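Notes follow once the structure below has been shown.
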Amino acid sequence: MKTQIVASFMPRQKQLSDEQRALIQQNAAFFDILELRIDALAECRTIVVEQLIDQILENYPTKPFEILVTYRTQSQGGEGHYEKEDYFKLLRGLTQLKEIDLIDVEWAHDQQERGEIVSQIHQAGMVSIASYHNFEETPPIEVLKKTYYHMSQLGANHLKIAVMPRTTQDVLVLLQALSESSDALQQWITGISMSQLGLISRTAQNTFGGALSYGALEEGVAPGQLHVKQLAEVLPLYSLFES
């Protein structure tokens, strides 16, 4: 499948402003999935998420894009304060919201309960994304490949790793791990080398077997994110000569 563009959107209030609604509408043609980052909300409850999604979709007669909901904890680079049990409770609650298409589940070695949540996501007819972030470094290629493999045991549909490069070699290591894991595993794979240095990992996802490329609607919510309009312009260049 072609790489899908994910637009990251991180509201801080449960009521969207007119400017935020307009921002989504003006850019809807440039992305496939809207990632609703809910970890910055002061009041992060299932009912609040449902109300936000209703506001996002209220002006569309038919749903123009899929909705991915992500609660990114502080340990994984987000603003979420929830400890494990509250985090799991939130994810279970999200599976009850019919307008959600995808849910992000942070990967960790304690897989049993996370695997149960992934199963619950699938039972609700939704798609799961297992994610892992390392903001300190890019691990060696064998570590990255093993991480993808261990993540695959969770049973999620998508496996996403994002790491921080310090050198251009780090970027190449991530791209090689992405390519080899995409060939070896059954799931959809995404690999991101963060910051300006790793920009090619966002623009050339499809070349290396990546399923998703994350972009910004305004300010990036992760280091090195391009605006979704720029991603929509650049990504097709990498498949220009495909038959």
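Cβ coordinates come from backbone N, Cα and C, glycine included.
Copied from TrEMBL, the annotated features are:
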BINDING   S8, E35, L36, R37, R72, R202, Q225  3-dehydroquinate binding site
ACT_SITE  H133  active site, proton donor/acceptor
ACT_SITE  K160  active site, schiff-base intermediate with substrate
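Features recorded in TrEMBL, as mapped to the structure shown.
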{"residue": "S8", "record": "3-dehydroquinate binding site", "Cβ within 10 Å": "23"}
{"residue": "E35", "record": "3-dehydroquinate binding site", "Cβ within 10 Å": "25"}
{"residue": "L36", "record": "3-dehydroquinate binding site", "Cβ within 10 Å": "21"}
{"residue": "R37", "record": "3-dehydroquinate binding site", "Cβ within 10 Å": "22"}
{"residue": "R72", "record": "3-dehydroquinate binding site", "Cβ within 10 Å": "22"}
{"residue": "H133", "record": "active site, proton donor/acceptor", "Cβ within 10 Å": "21"}
{"residue": "K160", "record": "active site, schiff-base intermediate with substrate", "Cβ within 10 Å": "24"}
{"residue": "R202", "record": "3-dehydroquinate binding site", "Cβ within 10 Å": "24"}
{"residue": "Q225", "record": "3-dehydroquinate binding site", "Cβ within 10 Å": "24"}
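Using a 10 Å Cα-Cα cut-off around the residue listed as 'active site, schiff-base intermediate with substrate', the binding-site residues E35, L36, R72, R202 reduce to an empty set. Taken residue by residue with DSSP, the residue listed as 'active site, proton donor/acceptor' is part of a strand. H133 (active site, proton donor/acceptor) and E35 (3-dehydroquinate binding site) are 16 Å apart (CA-CA, integer value). The residue listed as 'active site, proton donor/acceptor' is 15 Å away from R202 (3-dehydroquinate binding site) when you measure Cα to Cα.
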